[in-house]
Amino acid sequence: MATPHINAEMGDFADVVLMPGDPLRANSIAETFLEDAREVNNVRGMLGFTGTYKGRRKISVMGHGMGIPSCSIYTKELITDFGVKKIIRVGSCGAVREDVKLREVVIGHGACTDSKVNRLRFKDHDFPAIADFGMVRNAVDAKALGVEARRSNIFSADLFYTPDPSMFDVMEKYGILGVEMEAAGIYGVAAEFGAKALTICTVSDHIRTHEQTIAAERQTTFNDMIKIALESVLLRDKE
């Protein structure tokens, strides 16, 4: 049944949901990649759709908003109230290393964070916020499409405008390729409620070089990561 934030019914969502931050990007993904897509949520403008990919697989796509608090609400409700088993975040990140280029795809197998949300979940202990191994493996295998992607830890920040830029030097030292705002929270929610999750990001801006993409491009393109996400679902179904 409907929740305070999702006006759908059980069965409206597929067991796999792709989740961009921007609900308009969710609409673009549904229009571009899914057949017979229908709207299943519009509460607060957080659009959600369910359709079929390549005539073979029912898949849903829905926005999750910005930051861990927002994405945690939506992912929790999808899992506990609508039977969703797998979440794939498809979003943007900022690069912190010179060798990472604009529009590259980064598969986040783990997520460091300055947020305290997972400590609240885990009785004030550190929780290893990691993606499901099988989902990571299939995303890597989906690179056979000819799409280049890199795999690394990423960093989920609570603040978009950080007051301490020296933290980027620490991230670079530890091999982190990108900064975003949600993955650690999504991995925590998935672990708490027995689901699986993965984050795939496209580099939308570069913290070192100050290069950036424009909002319209982020909304309607970045299709390589979407292809990896969708094809990884088909690979999973073959197991």
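Placement of Cβ uses the backbone N, Cα and C atoms for every residue, glycine included.
The shown structure was predicted, so the numbers you read here are calculated from the model rather than taken from an experiment.
These features come from Swiss-Prot:
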{"type": "BINDING", "residues": "His5, Glu180, Met181, Glu182, Ser204, Asp205", "note": "purine D-ribonucleoside binding site"}
{"type": "BINDING", "residues": "Gly21, Arg25, Arg44, Arg89, Val90, Gly91, Ser92", "note": "phosphate binding site"}
{"type": "ACT_SITE", "residues": "Asp205", "note": "active site, proton donor"}
{"type": "SITE", "residues": "Arg218", "note": "site 'Important for catalytic activity'"}
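In sequence order, the recorded positions near Ser204 (purine D-ribonucleoside binding site) (Cα within 10 Å of its Cα) are Gly91, Ser92, Arg218, drawn from Arg44, Arg89, Gly91, Ser92, Arg218. Closest to His5 (purine D-ribonucleoside binding site) by Cα-Cα distance, out of the binding-site residues Gly21, Arg44, Val90, Gly91, Ser92, is Arg44.
Using a 10 Å Cα-Cα cut-off around Glu180 (purine D-ribonucleoside binding site), the binding-site residues Arg25, Arg44, Arg89, Val90, Gly91 reduce to Gly91. Under DSSP, Arg44 (phosphate binding site) is assigned to a helix (H, G or I) in the three-state scheme.
Taking only the Cα positions, the spacing between Val90 (phosphate binding site) and Arg218 (site 'Important for catalytic activity') is 11 angstrom.
Distance from the CA of Arg218 (site 'Important for catalytic activity') to the CA of Ser92 (phosphate binding site) is 8 Å. Take the CB of Arg25 (phosphate binding site) and look out to 10 A: across all protein chains shown you find 24 other CB atoms. Taking the Cα of Arg89 (phosphate binding site) as the reference point, the closest of the binding-site residues Met181, Glu182, Asp205 is Glu182. In the three-state DSSP classification, Ser92 (phosphate binding site) falls within a strand. A 10 Å radius around the C-alpha of Arg25 (phosphate binding site) takes in these recorded positions out of Met181, Asp205, Arg218, in sequence order: Arg218. Secondary structure at Arg218 (site 'Important for catalytic activity'), taken from DSSP and collapsed to helix, strand or coil, is helix. Across the structure, Asp205 (purine D-ribonucleoside binding site) and Gly91 (phosphate binding site) are spaced 12 Å apart at their Cα atoms. Across the residues annotated as binding phosphate (Gly21, Arg25, Arg44, Arg89, Val90, Gly91, Ser92), the two Cα atoms farthest apart lie 22 Å from each other.
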